[in-house]
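Below: the structure, in C-alpha coordinates.
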Amino acid sequence: GDLHSIRLPRRKTATGLENLKKSRKMSLGYAEKLSYREDVGTVGMPEKFDSPKLLQGKIEELAVMVQKSKHLVVFTGAGISTSSGIPDFRGPKGVWTLQRAGKGVPDASLPFHRAAPTLTHMALVELERAGLLKFVISQNVDSLHLRSGFPREKLAELHGNSFKEVCPCCKTEYLRDFEIETIGLKDTPRRCADKNCGARLKDTVLDWEDALPPEEMNSAEEQCRTADLVLCLGTSLQITPACNMPLLSIKNGGKVAIVNLQATPKDKKASLVIHGLVDKVIAGVMCILSLRIPPYIRTDFIQLLLRHTVKKKCVRWTLRVTSVHGMRAPLSFLRSIEVIQ
(Lines of atoms letter the chains of each structure in order from A and count residues from 1; the text may use other names and numbers.)
(Lines give C-alpha, C1' and ligand atoms only; values in the text may rest on other atoms or scores of the structure.)
Protein backbone atom coordinates (compact mmCIF):
# COMPACT_ATOMS: atom_id res chain seq x y z
CA GLY A 1 0.00 0.00 0.00
CA ASP A 2 3.00 2.34 -0.18
CA LEU A 3 3.41 5.14 -2.69
CA HIS A 4 6.91 4.67 -4.04
CA SER A 5 9.17 7.20 -5.70
CA ILE A 6 8.33 7.51 -9.38
CA ARG A 7 10.52 9.36 -11.85
CA LEU A 8 9.54 10.23 -15.38
CA PRO A 9 12.80 11.08 -17.18
CA ARG A 10 13.08 13.55 -20.02
CA ARG A 11 12.89 11.60 -23.23
CA LYS A 12 15.64 12.09 -25.77
CA THR A 13 14.05 10.20 -28.61
CA ALA A 14 14.01 11.38 -32.21
CA THR A 15 10.37 12.35 -31.72
CA GLY A 16 11.28 14.48 -28.70
CA LEU A 17 13.97 16.29 -30.67
CA GLU A 18 11.56 16.92 -33.50
CA ASN A 19 9.01 18.35 -31.08
CA LEU A 20 11.67 20.60 -29.56
CA LYS A 21 12.65 21.93 -32.98
CA LYS A 22 9.00 22.50 -33.78
CA SER A 23 8.43 24.35 -30.49
CA ARG A 24 11.30 26.71 -31.24
CA LYS A 25 9.35 27.93 -34.23
CA MET A 26 6.14 28.38 -32.30
CA SER A 27 6.84 32.05 -31.75
CA LEU A 28 6.63 32.40 -35.53
CA GLY A 29 3.47 30.35 -35.83
CA TYR A 30 1.45 33.55 -36.17
CA ALA A 31 3.41 34.62 -39.25
CA GLU A 32 3.25 31.14 -40.79
CA LYS A 33 -0.51 30.89 -40.25
CA LEU A 34 -1.26 34.22 -41.92
CA SER A 35 -2.79 34.09 -45.38
CA TYR A 36 -0.31 34.83 -48.14
CA ARG A 37 0.03 38.48 -49.01
CA GLU A 38 2.45 39.89 -51.54
CA ASP A 39 2.41 43.48 -50.28
CA VAL A 40 3.38 43.66 -46.62
CA GLY A 41 4.86 47.15 -46.90
CA THR A 42 8.47 48.24 -46.68
CA VAL A 43 10.79 45.70 -45.08
CA GLY A 44 14.51 45.38 -44.41
CA MET A 45 15.19 49.08 -43.95
CA PRO A 46 18.58 49.88 -42.40
CA GLU A 47 18.70 50.41 -38.66
CA LYS A 48 19.85 53.74 -37.31
CA PHE A 49 21.61 54.38 -34.02
CA ASP A 50 21.86 57.84 -32.48
CA SER A 51 25.31 58.69 -31.14
CA PRO A 52 25.74 58.13 -27.37
CA LYS A 53 25.69 61.87 -26.66
CA LEU A 54 22.65 62.52 -28.85
CA LEU A 55 20.87 59.47 -27.43
CA GLN A 56 21.37 60.60 -23.84
CA GLY A 57 20.04 64.06 -24.67
CA LYS A 58 16.94 62.57 -26.27
CA ILE A 59 16.37 60.22 -23.32
CA GLU A 60 16.44 63.20 -20.97
CA GLU A 61 14.01 65.08 -23.23
CA LEU A 62 11.66 62.08 -23.32
CA ALA A 63 11.79 61.77 -19.52
CA VAL A 64 10.66 65.40 -19.19
CA MET A 65 7.85 64.81 -21.67
CA VAL A 66 6.65 61.77 -19.73
CA GLN A 67 6.88 63.58 -16.40
CA LYS A 68 4.89 66.57 -17.64
CA SER A 69 2.29 64.46 -19.41
CA LYS A 70 -1.22 64.39 -17.95
CA HIS A 71 -2.46 61.54 -20.14
CA LEU A 72 0.31 59.31 -21.49
CA VAL A 73 -0.59 56.54 -23.93
CA VAL A 74 1.98 54.00 -25.16
CA PHE A 75 1.67 52.39 -28.60
CA THR A 76 3.77 49.23 -28.96
CA GLY A 77 5.03 47.05 -31.82
CA ALA A 78 7.20 43.98 -32.32
CA GLY A 79 10.39 45.87 -31.44
CA ILE A 80 9.64 45.79 -27.72
CA SER A 81 9.65 41.97 -27.72
CA THR A 82 12.82 41.22 -29.69
CA SER A 83 14.98 41.15 -26.56
CA SER A 84 12.78 38.30 -25.28
CA GLY A 85 13.82 36.18 -28.26
CA ILE A 86 10.86 36.86 -30.55
CA PRO A 87 11.92 38.16 -34.00
CA ASP A 88 10.33 41.29 -35.41
CA PHE A 89 8.81 41.48 -38.89
CA ARG A 90 10.52 44.29 -40.81
CA GLY A 91 14.03 44.49 -39.33
CA PRO A 92 17.13 43.25 -41.19
CA LYS A 93 16.44 39.74 -39.88
CA GLY A 94 12.69 40.14 -39.54
CA VAL A 95 10.13 37.52 -40.54
CA TRP A 96 8.84 39.33 -43.61
CA THR A 97 12.30 40.61 -44.57
CA LEU A 98 13.71 37.09 -44.78
CA GLN A 99 10.60 35.70 -46.44
CA ARG A 100 10.81 38.30 -49.19
CA ALA A 101 14.45 37.35 -49.72
CA GLY A 102 13.42 33.72 -50.10
CA LYS A 103 15.12 32.63 -46.88
CA GLY A 104 12.03 31.33 -45.11
CA VAL A 105 10.99 31.95 -41.53
CA PRO A 106 13.82 32.61 -39.05
CA ASP A 107 14.31 30.43 -36.00
CA ALA A 108 13.21 31.86 -32.68
CA SER A 109 15.60 31.57 -29.76
CA LEU A 110 12.90 29.98 -27.57
CA PRO A 111 9.29 28.77 -27.82
CA PHE A 112 6.54 31.39 -27.78
CA HIS A 113 5.08 30.19 -24.47
CA ARG A 114 8.45 30.54 -22.72
CA ALA A 115 9.08 34.14 -23.80
CA ALA A 116 9.29 36.46 -20.80
CA PRO A 117 8.25 40.12 -20.68
CA THR A 118 11.16 42.42 -21.44
CA LEU A 119 12.57 45.26 -19.41
CA THR A 120 10.29 47.59 -21.41
CA HIS A 121 7.18 45.53 -20.63
CA MET A 122 7.96 45.65 -16.93
CA ALA A 123 8.77 49.37 -17.04
CA LEU A 124 5.30 50.02 -18.45
CA VAL A 125 3.83 48.11 -15.51
CA GLU A 126 5.64 50.44 -13.10
CA LEU A 127 4.70 53.57 -15.05
CA GLU A 128 1.05 52.55 -14.78
CA ARG A 129 1.36 51.87 -11.06
CA ALA A 130 2.98 55.29 -10.61
CA GLY A 131 -0.01 56.92 -12.30
CA LEU A 132 1.99 58.24 -15.25
CA LEU A 133 0.79 55.76 -17.89
CA LYS A 134 -2.94 55.71 -18.59
CA PHE A 135 -3.24 53.18 -21.41
CA VAL A 136 -1.29 50.82 -23.70
CA ILE A 137 -2.23 50.05 -27.31
CA SER A 138 -0.43 47.01 -28.70
CA GLN A 139 -0.15 45.54 -32.18
CA ASN A 140 1.58 42.45 -30.74
CA VAL A 141 -0.03 39.04 -30.34
CA ASP A 142 2.60 37.60 -27.97
CA SER A 143 0.60 38.22 -24.75
CA LEU A 144 3.68 39.67 -23.03
CA HIS A 145 1.80 42.76 -21.83
CA LEU A 146 -0.72 40.62 -19.96
CA ARG A 147 2.00 38.22 -18.83
CA SER A 148 3.84 41.17 -17.31
CA GLY A 149 0.87 41.95 -15.11
CA PHE A 150 -0.33 45.03 -16.99
CA PRO A 151 -4.06 45.61 -16.28
CA ARG A 152 -6.34 44.18 -18.97
CA GLU A 153 -8.75 47.10 -18.66
CA LYS A 154 -5.98 49.51 -19.63
CA LEU A 155 -4.80 47.52 -22.65
CA ALA A 156 -6.07 47.33 -26.22
CA GLU A 157 -4.72 44.39 -28.27
CA LEU A 158 -5.54 45.53 -31.80
CA HIS A 159 -4.43 42.39 -33.61
CA GLY A 160 -5.47 39.87 -30.97
CA ASN A 161 -3.57 37.56 -28.65
CA SER A 162 -2.13 34.15 -29.55
CA PHE A 163 -2.83 32.91 -26.03
CA LYS A 164 -6.40 34.14 -25.70
CA GLU A 165 -9.73 32.63 -26.66
CA VAL A 166 -13.09 34.38 -26.45
CA CYS A 167 -16.67 33.22 -26.26
CA PRO A 168 -18.62 34.78 -29.15
CA CYS A 169 -21.85 34.61 -27.15
CA CYS A 170 -21.12 35.84 -23.61
CA LYS A 171 -17.80 37.56 -24.53
CA THR A 172 -15.88 35.83 -21.72
CA GLU A 173 -12.11 35.86 -22.36
CA TYR A 174 -9.88 32.88 -21.58
CA LEU A 175 -6.16 33.58 -21.24
CA ARG A 176 -4.13 30.39 -21.73
CA ASP A 177 -0.56 29.33 -20.96
CA PHE A 178 -0.34 27.63 -24.38
CA GLU A 179 -0.59 29.03 -27.90
CA ILE A 180 -4.04 28.76 -29.46
CA GLU A 181 -4.06 26.42 -32.45
CA THR A 182 -5.66 28.74 -35.01
CA ILE A 183 -5.78 32.35 -36.18
CA GLY A 184 -8.40 34.25 -38.15
CA LEU A 185 -11.17 34.25 -35.50
CA LYS A 186 -11.86 30.56 -36.06
CA ASP A 187 -13.43 27.97 -33.75
CA THR A 188 -11.05 26.29 -31.30
CA PRO A 189 -11.39 22.80 -29.74
CA ARG A 190 -12.72 24.21 -26.44
CA ARG A 191 -16.05 25.54 -25.20
CA CYS A 192 -17.14 28.29 -22.84
CA ALA A 193 -16.96 27.13 -19.21
CA ASP A 194 -20.19 28.93 -18.29
CA LYS A 195 -22.83 26.23 -17.76
CA ASN A 196 -25.49 28.57 -19.13
CA CYS A 197 -23.50 29.15 -22.32
CA GLY A 198 -21.18 26.38 -23.52
CA ALA A 199 -20.57 27.99 -26.91
CA ARG A 200 -17.55 27.02 -28.99
CA LEU A 201 -14.67 29.39 -28.30
CA LYS A 202 -12.85 31.34 -31.01
CA ASP A 203 -9.27 32.50 -31.35
CA THR A 204 -8.67 36.26 -31.24
CA VAL A 205 -5.78 36.75 -33.69
CA LEU A 206 -6.58 38.60 -36.90
CA ASP A 207 -5.68 37.43 -40.38
CA TRP A 208 -4.94 40.00 -43.09
CA GLU A 209 -8.53 40.54 -44.17
CA ASP A 210 -10.05 40.61 -40.67
CA ALA A 211 -11.27 43.95 -39.34
CA LEU A 212 -9.94 45.31 -36.06
CA PRO A 213 -12.12 44.28 -33.11
CA PRO A 214 -14.52 47.20 -32.49
CA GLU A 215 -14.14 47.20 -28.70
CA GLU A 216 -10.34 47.34 -28.86
CA MET A 217 -10.28 49.86 -31.73
CA ASN A 218 -12.81 52.22 -30.16
CA SER A 219 -11.03 52.34 -26.81
CA ALA A 220 -7.66 52.83 -28.54
CA GLU A 221 -8.92 55.71 -30.66
CA GLU A 222 -10.59 57.35 -27.66
CA GLN A 223 -7.38 57.12 -25.65
CA CYS A 224 -5.31 58.61 -28.49
CA ARG A 225 -7.72 61.53 -28.82
CA THR A 226 -7.46 62.16 -25.08
CA ALA A 227 -3.69 61.74 -24.88
CA ASP A 228 -1.37 64.72 -24.62
CA LEU A 229 1.51 62.34 -25.39
CA VAL A 230 1.53 59.10 -27.39
CA LEU A 231 4.81 57.24 -27.05
CA CYS A 232 5.40 54.76 -29.90
CA LEU A 233 7.82 51.97 -28.99
CA GLY A 234 9.35 49.46 -31.38
CA THR A 235 6.92 49.93 -34.25
CA SER A 236 7.47 50.80 -37.91
CA LEU A 237 4.00 52.41 -37.99
CA GLN A 238 3.10 50.87 -41.36
CA ILE A 239 0.12 48.60 -40.70
CA THR A 240 -3.15 50.43 -41.29
CA PRO A 241 -5.45 51.48 -39.74
CA ALA A 242 -3.55 51.01 -36.48
CA CYS A 243 -0.57 53.13 -37.52
CA ASN A 244 -2.72 56.25 -37.85
CA MET A 245 -4.09 56.14 -34.32
CA PRO A 246 -1.18 57.98 -32.61
CA LEU A 247 -1.76 60.96 -34.93
CA LEU A 248 -5.20 61.50 -33.38
CA SER A 249 -3.35 62.98 -30.41
CA ILE A 250 -1.74 65.66 -32.59
CA LYS A 251 -5.12 66.75 -33.96
CA ASN A 252 -6.18 67.57 -30.40
CA GLY A 253 -3.00 69.41 -29.45
CA GLY A 254 -1.02 66.44 -28.16
CA LYS A 255 2.43 65.18 -29.10
CA VAL A 256 3.88 61.99 -30.52
CA ALA A 257 7.29 60.54 -29.61
CA ILE A 258 8.78 57.58 -31.49
CA VAL A 259 11.48 55.14 -30.34
CA ASN A 260 12.47 52.79 -33.15
CA LEU A 261 15.65 51.62 -34.87
CA GLN A 262 14.20 52.21 -38.33
CA ALA A 263 12.68 55.31 -39.87
CA THR A 264 8.86 55.39 -39.91
CA PRO A 265 6.36 57.18 -42.17
CA LYS A 266 5.23 59.22 -39.14
CA ASP A 267 8.66 60.58 -38.10
CA LYS A 268 8.06 64.04 -39.61
CA LYS A 269 4.94 64.52 -37.51
CA ALA A 270 6.59 63.44 -34.26
CA SER A 271 7.91 65.91 -31.70
CA LEU A 272 10.74 63.52 -30.82
CA VAL A 273 12.28 60.61 -32.73
CA ILE A 274 14.82 58.38 -30.99
CA HIS A 275 16.89 55.81 -32.87
CA GLY A 276 18.03 53.43 -30.16
CA LEU A 277 17.27 50.13 -28.46
CA VAL A 278 13.89 50.42 -26.75
CA ASP A 279 15.06 48.72 -23.54
CA LYS A 280 18.02 51.09 -23.23
CA VAL A 281 15.91 54.19 -23.85
CA ILE A 282 13.17 53.19 -21.42
CA ALA A 283 15.71 52.15 -18.76
CA GLY A 284 17.26 55.61 -19.07
CA VAL A 285 13.88 57.31 -18.72
CA MET A 286 12.99 55.24 -15.65
CA CYS A 287 16.34 56.11 -14.05
CA ILE A 288 15.76 59.84 -14.54
CA LEU A 289 12.24 59.51 -13.12
CA SER A 290 13.65 57.58 -10.12
CA LEU A 291 11.32 54.66 -10.84
CA ARG A 292 12.39 51.07 -10.24
CA ILE A 293 11.68 48.51 -12.97
CA PRO A 294 10.10 45.49 -11.22
CA PRO A 295 11.44 42.00 -11.98
CA TYR A 296 9.29 39.53 -13.84
CA ILE A 297 8.37 36.49 -11.76
CA ARG A 298 6.66 33.75 -13.70
CA THR A 299 3.99 31.60 -12.06
CA ASP A 300 2.53 28.52 -13.73
CA PHE A 301 -0.36 26.43 -12.44
CA ILE A 302 -1.14 22.74 -12.78
CA GLN A 303 -4.01 20.60 -11.57
CA LEU A 304 -3.28 17.42 -9.60
CA LEU A 305 -5.86 14.63 -9.45
CA LEU A 306 -4.99 11.88 -6.95
CA ARG A 307 -7.22 8.82 -6.78
CA HIS A 308 -6.92 5.42 -5.16
CA THR A 309 -8.66 2.07 -5.30
CA VAL A 310 -8.48 -0.67 -2.68
CA LYS A 311 -8.36 -4.37 -3.52
CA LYS A 312 -7.93 -6.63 -0.49
CA LYS A 313 -4.82 -5.27 1.20
CA CYS A 314 -3.48 -3.51 -1.89
CA VAL A 315 -3.98 0.19 -2.59
CA ARG A 316 -3.55 1.41 -6.13
CA TRP A 317 -2.83 5.12 -6.49
CA THR A 318 -3.33 7.10 -9.70
CA LEU A 319 -1.86 10.57 -10.05
CA ARG A 320 -2.93 12.66 -13.02
CA VAL A 321 -1.29 15.97 -13.81
CA THR A 322 -3.38 18.20 -16.07
CA SER A 323 -3.69 21.79 -17.17
CA VAL A 324 -5.96 24.14 -15.26
CA HIS A 325 -7.45 24.95 -18.67
CA GLY A 326 -8.89 21.47 -19.15
CA MET A 327 -7.99 17.80 -19.31
CA ARG A 328 -6.96 17.97 -22.99
CA ALA A 329 -5.13 21.29 -22.85
CA PRO A 330 -1.34 21.05 -23.36
CA LEU A 331 1.11 21.57 -20.51
CA SER A 332 3.65 23.37 -22.63
CA PHE A 333 5.81 24.49 -19.70
CA LEU A 334 6.15 21.01 -18.11
CA ARG A 335 8.97 18.71 -19.22
CA SER A 336 9.24 16.07 -16.48
CA ILE A 337 7.56 14.91 -13.27
CA GLU A 338 9.09 13.41 -10.15
CA VAL A 339 6.97 11.87 -7.37
CA ILE A 340 8.81 11.14 -4.11
CA GLN A 341 7.46 9.03 -1.26
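Cβ atoms are placed via backbone N, Cα and C, with glycine included.
Note that TrEMBL annotation is computational and uncurated.
Taken from TrEMBL, the feature domain 'Deacetylase sirtuin-type' covers 52-292. Across the domain 'Deacetylase sirtuin-type' (52-292), the model assigns an average pLDDT of 91.
Within its own chain, His159 (active site, proton acceptor) has Gln139, Asn140, Val141, Val205, Leu206, Leu212, Ala242 as residues 6 or more apart in sequence whose C-beta sits under 8 angstroms from its own. According to TrEMBL, the feature active site, proton acceptor maps to His159.
Around the Cβ of Cys170 (Zn(2+) binding site), 12 further Cβ atoms fall within 10 Å across all displayed protein chains. Here TrEMBL flags Cys167, Cys170, Cys192, Cys197 as Zn(2+) binding site.
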